[in-house]
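Contents: one structure, followed by commentary.
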């Protein structure tokens, strides 16, 4: 037989065998998860996601206020609702009503409030649905994640919540969060990275402290913490006493104070004795100075005794010395003047003079460094990353923050 003919036949035979084998390998590759990075859950801070409301009220505080709506509308953030006179309608709708008997809050009569977009990122990327820059929040971070290969609503999801309430009143939220984490684990073939900002970190600490270690080891890859008020925030005393407009110029501090007081999460974020000295004076007045041992008198003197009950309800929700039990990355801003104590010449209805300390402009350095204490209390790594000059909100778009997050997510 012709040697050349045999060689050709052998080559054809091998080719005939290799082609199906190659196709099988290609099909096998298609069945493998294409995911090469861990899924991400983003958790906002106080005021950090949209809220919607629907009205059917028995009465209103002003004739310009809507009494009934056919559908849900944006309650937060809608700058048009914060204009003079109209803001009275908004405050009456967004406030919570505290019941001392049940030790729980409820919505005002005829007001139903819901959190839009659980599992999505839109309600956290822009607080104002019109996407004005004043309401930009997680947008830059989500855009960065998309650039790294993530997809909104799929392997990067949001976990918004009713930030007016403390964790003890948001039970269904934590059930939904756990279910979403487990679903993402199954869909994308690996554990989740939690990325939280501000009060969202304390929410996640509450959540993680209540999960079995075996669950955390399976479902949580890492927890990236941005600007966490682990030990409370000094400015909370000013918020409760005389209000704080959160740098929104159209809102007067005293005007917004009623809403801020009614939010249980405000009292929850008062400074804690595991971080601050019992002797530290936070509020100075001509007649009385207030330390963290004087909260009961403080609430009585500002005419808001419900706040004392709220504090008692929430003070023990998170165990300060119990670490999260997962790999933790604490990123924190420094070098930005941060309210540390307040001097009132007329208490509590006038703006105080402010004494500043170190921090990110909102969260004091003493509070955010609480995570240092966990380095020796858990087996999982606890890393700290200082962000010099990084302000509390701006740190979400900080180049160092994004580079750090990228390393956590994409490096082996």
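Just so it is clear, glycine is given a Cβ too, placed from its N, Cα and C backbone atoms.
Copied over from Swiss-Prot:
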type	residues	note
ACT_SITE	198	active site, acyl-ester intermediate
ACT_SITE	360	active site, charge relay system
ACT_SITE	392	active site, charge relay system
BINDING	46, 199	substrate binding site
BINDING	198, 355, 392	Zn(2+) binding site
DISULFID	65-89	disulfide bond
CARBOHYD	99	N-linked glycosylation site
CARBOHYD	273	N-linked glycosylation site
CARBOHYD	289	N-linked glycosylation site
CARBOHYD	398	N-linked glycosylation site
SIGNAL	1-33	signal peptide
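Swiss-Prot feature annotations superimposed on the structure.
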residue	record	contacts (Cβ under 8 Å, 6+ apart)
46	substrate binding site	163, 198, 199, 265, 269
65	disulfide bond	86, 88, 89, 92
99	N-linked glycosylation site	105, 106
289	N-linked glycosylation site	281, 283
355	Zn(2+) binding site	339, 340, 341, 342, 343
360	active site, charge relay system	227, 332, 333, 334, 336, 338, 368, 387, 390, 391, 392, 395
Distant-in-sequence Cβ neighbours of residue 398 (N-linked glycosylation site), under 8 Å, six or more positions away: 387, 390
Residue 392 (active site, charge relay system) CB neighbourhood, other CB atoms within 10 A: 22
Most crowded position, judged by CB atoms within 10 A, among 198, 273 as recorded positions: 198
Cβ neighbour count within 10 Å of residue 89 (disulfide bond): 19
DSSP three-state assignment (helix, strand or coil) for residue 289 (N-linked glycosylation site): strand
For residue 199 (substrate binding site), the number of other Cβ atoms found within 10 Å of its own Cβ: 26
